[in-house]
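Under the heading domain 'UvrD-like helicase ATP-binding', TrEMBL lists 156-537. Positions annotated as ATP binding site by TrEMBL: Gly177, Ala178, Ala179, Gly180, Ser181, Gly182, Lys183, Thr184.
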Amino acid sequence: MLRQIGVWEDRGRNVGADLETSLTLADTAEEHAAMLSVHVHQPYFGSLRVRVAGREQTLYVGKHAFRDLKGPHSVVSWEADVGSLFYSDALTWEARRGLTGTIRRRRQLDVADRTLHRLTDLYDDEAGGDTGGREQVLVRRLSEASTTAMRDVVETLQPEQNGAMRSPAGQPVVIQGAAGSGKTTIGFHRLAWLAHPDRGVHQASPTNLLVLMPNAVLARYAARVLPGLNLQGVAVTTPEAWALSFLGIEKMEVTDRTLSLLLNDHDTGRRKAAWRRGKALGDARMLAVVQRHLAGKTLAQVERLSLNTAAVVRGERRALVLDSPRLRDLLSDVLTRSPLEGYRAAFRAALEEETLSRLRVPDEEITLVSRQLAQELTGLVGKTFAGMLPVSEGRRLLTDEGALRAAAEGVLDERTIRILLSDPLAGISRPRRSHVDVTELPVVLAVAALLDGLGRREGRVLTPYDHIVLDEGQDYAPLLYRLLARAARPGHLTVLGDSSQGVAGFKGPANWGEVQAALGGVDRVTVRTLSRTYRSTRQITELGARIARTYNPDASVIGVDREGAEVERLSGGSLAVLSARAVGGMLAAGHRNIALVTRRAADAERLAADLQFEDVDARPITTEQARYEGGVVVLPVNLAKGLEFDGCVVVGADAGTYDPAVPFESRLLYVAASRGLHALALVAQGTLHPLLAGDADPVTP
Ligand SMILES: Nc1ncnc2c1ncn2[C@@H]1O[C@H](COP(=O)(O)OP(=O)(O)OP(=O)(O)O)[C@@H](O)[C@H]1O
């Protein structure tokens with residue numbers, strides 16, 4: 001590798017026919033050198049002894065492929081098809097020309113600073129097969145301290161994760177897994193896999209990838225894994241930020257008034273009504289409702305329009321009239337096709353095609369005549385779609401009973417229509433500045449998608465994303481799924497989620513079946529389940545499973561059996577004093593990144609202030625703008641989602657804070673209690689939550 005880098009860096013060798021070619025050659029060579037030099041310290045992490053057609057050879061697997069043109073050494077990259085053999089449990093594969101290859105040995109090589117430190121056989125034909133080595137390597141890795149960035153797991157990817165990551169490209173996939181099963185990690189690795197040339201027509205370009213995560217703190221934390229996976233320029237953001245930026249309404253405030261009502265209003269009737277309305281707004285059928293609404297409106301507008309124009313063709317002036325029935329036919333055709341580029345662009349194209357054909361324009365004059373007609377056609381399209389802006393049009397549909405009934409007839413049942421027309425949130429205040437609610441955002445986005453298409457906008461050009469990853473998919477509306485499917489290349493959507501962690505049931509799907517239906521049916525969408533969890537010690541995983549079982553009886557969580565400290569339970573005293581004691585214990589045990597997780601942002605602010613009097617310096621993270629930089633932090637559970645820490649202290653771990661009668665609260669408690677890698681403490685002012693009481697002091701719920 002060093003020799004190759006030397007060759008690339010030698011400007012004298014990279015000489016072309018002229019100066020410009022020489023400079024380009026030298027620059028490209030330098031880029032190659034820079035890319036490879038990162039891997040010199042650890043050129044590979046695994047080896048495979050394989051046998052094909054009676055010949056044995058050893059393949060080295062690394063983070064970057066390398067081929068020595070002058071010698072026998074080569075490294076295959078982990079994302080390559082051959083790389084998969086290192087991770088899977090398969091013992092044979094189909095090699096070239098219909099030959100069958102056999103795996104003789106898989107070996108993990110711990111290489112650092114150009115030195116081989118350890119070698120562990122994972123599988124060895126001669127030693128009886130499976131050696132149990134994969135588990136040892138994994139447990140060693142999991143026992144390491146946490147970092148302030150999501151890490152890649154290229155070296156220790158497990159067989160089932162490898163399978164999920166390599167789900168056929170171009171086919172939507174849902175990866176279901178409990179907290180800590182590596183879903184988010186796998187989602188990012190899947191992007192690296194998609195960017196590899198072995199993916200052929202499905203190969204993705206990193207700058208054409210989009211990852212949507214539930215909050216900005218997590219998005220920044222996770223995005224730090226990208227350089228290590230050799231992915232530059234991937235957009236990682238939240239669905240709300242992405243939608244606002246796409247719609248060009250970044251200045252608008254995003255509210256979640258349904259959540260405010262659910263958290264603060266104890267009236268069961270209103271809670272139910274708010275929940276149902278949230279669900280109805282995100283129903284996948286709303287796409288058809290929006291479609292019909294826009295169709296009705298544009299067809300009515302075109303009724304009053306006609307085109308009366310003329311153009312010079314072959315030196316003579318030719319007149320043309322398109323009356324409103326003809327315009328109506330052209331528009332109807334566009335509306336029926338529902339093209340991905342949007343009604344507006346498609347209608348414009350249809351008008352142009354029609355006029356050019358009616359004027360009998362020869363090919364060589366098309367550009368010239370199009371230019372003559374441009375202004376008039378644009379004007380006509382403008383009038384057809386006059387006054388249709390996504391936010392206002394979406395709201396009009398939802399508030400004008402006549403419009404909604406006309407559009408929803410035959411699509412939605414009467415009950416759903418009534419739910420949509422109700423206003424259970426009337427008592428929840430609205431901000432003074434212009435705003436849009438998360439529950440209405442999918443409908444607004446649907447208007448935009450149908451009118452003007454959805455995807456990655458670069459200047460005035462709209463292209464589909466090469467692939468979209470949606471993290472925490474259990475919290476997003478089926479309608480959003482429909483829209484994301486339109487924003488990416490066909491089938492290029494990966495959904496990561498955990499049905500046990502849904503904290504926004506009023507937005508999310510009831511189950512993955514609903515997502516499959518929204519994306520085209522069970523046959524088109526694979527659901528893969530990751531059965532093991534990796535993040536936490538046995539003690540922490542067991543506690544999490546106990547909480548999850550209360551609202552999801554099918555939740556079975558098998559953790560990697562990694563022994564850790566007992567869960568610490570501290571109750572009956574001041575929260576700050578008890579929390580300080582828990583943090584002190586964790587610091588003394590050598591942990592560095594510790595989170596105190598509270599129920600609400602205000603609790604976090606207060607606790608951080610109180611902890612100062614207990615000699616603890618804990619940084620509050622209470623808004624999405626905050627950055628997580630490690631150390632001791634205090635944060636509310638909604639911002640802790642997806643993050644992980646060496647030690648986690650659940651502050652306010654009692655029934656008063658997380659109401660056991662409300663499944664939503666138990667889900668939040670699960671999220672809070674599943675953030676620690678090595679240590680977990682539960683702190684309550686009074687008695688601990690019934691689900692969290694230790695076995696020694698059982699409390700009857
Ligand atoms: N194969 C693996 N080897 C080593 N570590 C792994 C592996 N798989 C997962 N992990 C580790 O497990 C932890 C959890 O991973 P990740 O955050 O991706 O899980 P998740 O399923 O998205 O969790 P959550 O639902 O809580 O967001 C991380 O520390 C990750 O590095």
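Yeah, the Cβs are placed from backbone N, Cα and C, and that goes for glycine too.
Working note on the binding-site residues Ala178, Ala179: by count of other C-beta atoms within 10 Å of each C-beta, Ala178 ranks first.
Here the binding-site residues are Gly177, Gly180, Gly182; the one with the fewest Cβ atoms within 10 Å of its Cβ is Gly182. Of all the Cβ atoms in the protein chains shown, 25 others lie within 10 Å of the Cβ of Lys183 (ATP binding site). Burial estimate for the binding-site residues (Ser181, Thr184): highest at Ser181, by number of other CB atoms within 10 Å.
According to DSSP, Lys183 (ATP binding site) is assigned to a helical segment.
The record gives Gly177, Ala178, Ala179, Gly180, Ser181, Gly182, Lys183, Thr184 for ATP. Within 8 Å of the mean position of their Cβ atoms, the other Cβ atoms in that chain belong to Thr185, Asp498, Leu530, Thr533, Tyr534, Arg535. Confidence across the domain 'UvrD-like helicase ATP-binding' (156-537), taken as the mean pLDDT and rounded to a whole number, stands at 93.
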